[in-house]
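One structure is given below, encoded as structure tokens.
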Amino acid sequence: MNESRFLVTDFFIVKNRMNTIKELIEVGSTRLAKCGSVSPRLDAEVLLASVLNCPRITFYSDPGRTVSFEDAEEYRRCIDRRAALEPVAYITGEKEFMGLVFQVSQDVLIPRPDTESLVEAILEKVIPQIKQNTEHPHVLDLCTGSGAIGLSLKFFVSSAAVTLTDISGKALKVAAENALNLGFSNITMIESDLFEGLSTAEHFDLIVSNPPYIPDGIIPTLQRDIVDYEPILALSGGVTGYDLYERIAREAGPYLRKGGAIVLEVGNDQEIKVAELLEEQGFGAITMIPDLTGAVRGVVAWKE
Ligand code: GLN
């Protein structure tokens, strides 16, 4: 290491020596706090951990470790991007979901902890019921994006046969990469506008979806991290927000086996209307899934 190298940047504590992890975290998080990040220290730590390719825990055991000039520069570029409110997951290229690491790019929505509540409820309540009919549940994840829902279900229910669809071919490429990274070689992926690309001969035990559901008028009011960076295609649910729910409720019937379930993520206060849309199409035994804040985040309905 070249201890005398001068680190010339616009915000690092420039000293006539290498910077330590502690200094880089401090200076990075101070900058991010000023730029409007709600979790500046965590962001700085995650970005530095990604650059150094080490777990964050090592920062606590060895805060005085020095960082090479090249790595510090790379970290500065990451901090610059986050300071412009780019989501951390797009900068590092990955996001943890259900304890698994998913690759993400701006072609896909970043998987949210809220959606983990949905997957957990499916694993605890829906799959056991489906398993009374079949040992090999056929699962369809519509609007899959990064594949987070369908692939984590495959991870925890290894006997499942999983199909992922998305209208975006670019999103499906990300999902395919994630399937590969998780070691799954038998995932079916179909570029399709909802059910359009599926054969009516396909019958699923579970249809799950986190479709775009934000009303168009609300989109400009979302956090800048979201509006400026995440794909509008994955967010926009049309003028009312219910466009995709209406279509899914109307079109799902022929693709769902009797005794099968449909599980939809919903946005704030959308559950009653979504439940009505499903009931109108003959689905029943409707239950709601709360997220970690206690708000309803999912609706479950059955083809009885
Ligand atoms: N939950 C996402 C958000 O808060 C929206 C996801 C969606 O539209 N399906 O921005």
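Yeah, the Cβs are placed from backbone N, Cα and C, and that goes for glycine too.
Here TrEMBL flags Asp166, Asn210 as S-adenosyl-L-methionine binding site. Taking the Cβ of Asn210 (S-adenosyl-L-methionine binding site) as centre and 10 Å as the limit, one finds 28 other Cβ atoms among all the protein chains shown. Following the DSSP three-state reduction, the secondary structure of Asn210 (S-adenosyl-L-methionine binding site) is coil.
As annotated by TrEMBL, substrate binding site applies to Asn210, Pro211, Pro212, Tyr213. Summarising the environment of Pro211 (substrate binding site), the number of other Cβ atoms within 10 Å of its Cβ, over all protein chains shown, is 19.
According to TrEMBL, the domain 'Release factor glutamine methyltransferase N-terminal' annotation covers 23-93.
Residues or ranges marked as domain 'Methyltransferase small' by TrEMBL: 131-213.
Residues Asn210, Pro212, Tyr213, taken from the binding-site residues Asp166, Asn210, Pro212, Tyr213, are distinguished by a CB atom under 6 angstroms from ligand 1. Using a 10 Å Cβ-Cβ cutoff, Pro212 (substrate binding site) registers 23 neighbours. Counting only residues at least six positions away in the same chain, the Cβ atoms of Gly237, Gly241, Tyr242, Leu244, Tyr245, Glu265, Val266, Gly267, Gln270 sit under 8 Å from the Cβ of Tyr213 (substrate binding site). For Asp166 (S-adenosyl-L-methionine binding site), the same-chain residues 6+ apart in sequence whose C-beta sits under 8 angstroms from its C-beta are Cys143, Thr144, Gly145, Leu172, Ala175, Glu191, Ser192.
For the domain 'Release factor glutamine methyltransferase N-terminal' (23-93), the DSSP-based tally of helix, strand and coil residues reads 50 helix, 2 strand, 19 coil. Residues Asn210, Pro211, Pro212, Tyr213 make up the record's substrate site, and a Cβ search at 8 Å around their centroid adds Cys143, Ser209, Ile214, Ala234, Leu235, Gly237, Leu244, Tyr245, Glu265, Gly267 from the same chain.
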